[in-house]
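Taken from TrEMBL as is:
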DISULFID  Cys23-Cys165  disulfide bond
DISULFID  Cys90-Cys183  disulfide bond
DOMAIN    40-179  domain 'Lipocalin/cytosolic fatty-acid binding'
MOD_RES   Gln19  pyrrolidone carboxylic acid
REGION    177-214  region 'Disordered'
SIGNAL    1-18  signal peptide
Amino acid sequence: MALSWVLTVLSLLPLLEAQIPLCANLVPVPITNATLDRISGKWFYIASAFRNEEYNKSIHEIQATFFYFTPNKTEDTIFLREYQTRQNQCIYNTSYLNVQRENGTISKYEGGQEHFAHLLILRDMKTFMLAFEVNDEKNWGVSVYADKPETTEEQLGEFYEALDCLRIPRSDVVYTDQKKDKCEPLERQHEKEKKQEEGERQHEEEKKQEEGES
């Protein structure tokens with residue numbers, strides 16, 4: 001099954017805006033500029049669990065994933081650069097996500113439909129979660145992300161609490177393994193190209209400035 005963005009299952013999970021289950025750490029809050037600042041940068045997909053067996057099977061295909069969030073506060077969008085390893089191959093994708101500030105959701109328009117996930121900010125500043133299908137008890141799902149590929153049990157505490165609240169067995173959790181990542185060389189190449197472009201741009205600006213002074 002083809003997978004896409006961050007978890008690569010979001011496109012498979014059309015999420016109707018509905019009430020989150022009454023779990024302390026699953027109550028969505030409005031997204032602010034501070035929220036967007038907090039999730040900006042590089043993140044690693046750590047783990048997820050879904051009540052839907054088909055989705056559980058699909059996420060086993062993901063060996064490792066890291067990505068970059070670049071929010072645009074004016075347009076309420078997030079530019080996503082995603083590096084995912086599946087079947088020992090690196091898959092690189094870019095896309096734009098939409099931000100629904102009041103609803104506390106982010107979404108992607110794909111396949112003629114907009115698909116939503118609730119953004120859940122955690123106590124640990126270095127982690128966050130996404131909640132899927134919160135209106136469908138049979139298909140509830142939660143994923144967790146961190147700023148490093150390795151996490152502690154304490155960091156995953158709120159993720160486990162959410163699973164308990166949603167009555168998803170912890171044995172259903174599927175973890176990634178960054179040691180299987182095949183995208184690091186491509187990321188280094190992209191960073192090198194970015195620095196070269198910035199250097200060329202700066203050189204052109206300096207050249208124009210010198211021509212203007214002469």
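Placement of Cβ uses the backbone N, Cα and C atoms for every residue, glycine included.
Cys90 (disulfide bond) is 35 Å away from Cys165 (disulfide bond) when you measure Cα to Cα. Counting only same-chain residues six or more apart in sequence, the Cβ atoms lying under 8 angstroms from the Cβ of Cys23 (disulfide bond) belong to Glu161, Ala162, Cys165, Leu166.
Other Cβ atoms within 10 Å of the Cβ of Cys165 (disulfide bond) number 17 in total over all chains. Cβ contacts within 10 Å of Cys90 (disulfide bond), excluding its own Cβ and spanning all protein chains shown: 16. Across all of the domain 'Lipocalin/cytosolic fatty-acid binding' (40-179), the predicted model scores a mean pLDDT of 91.
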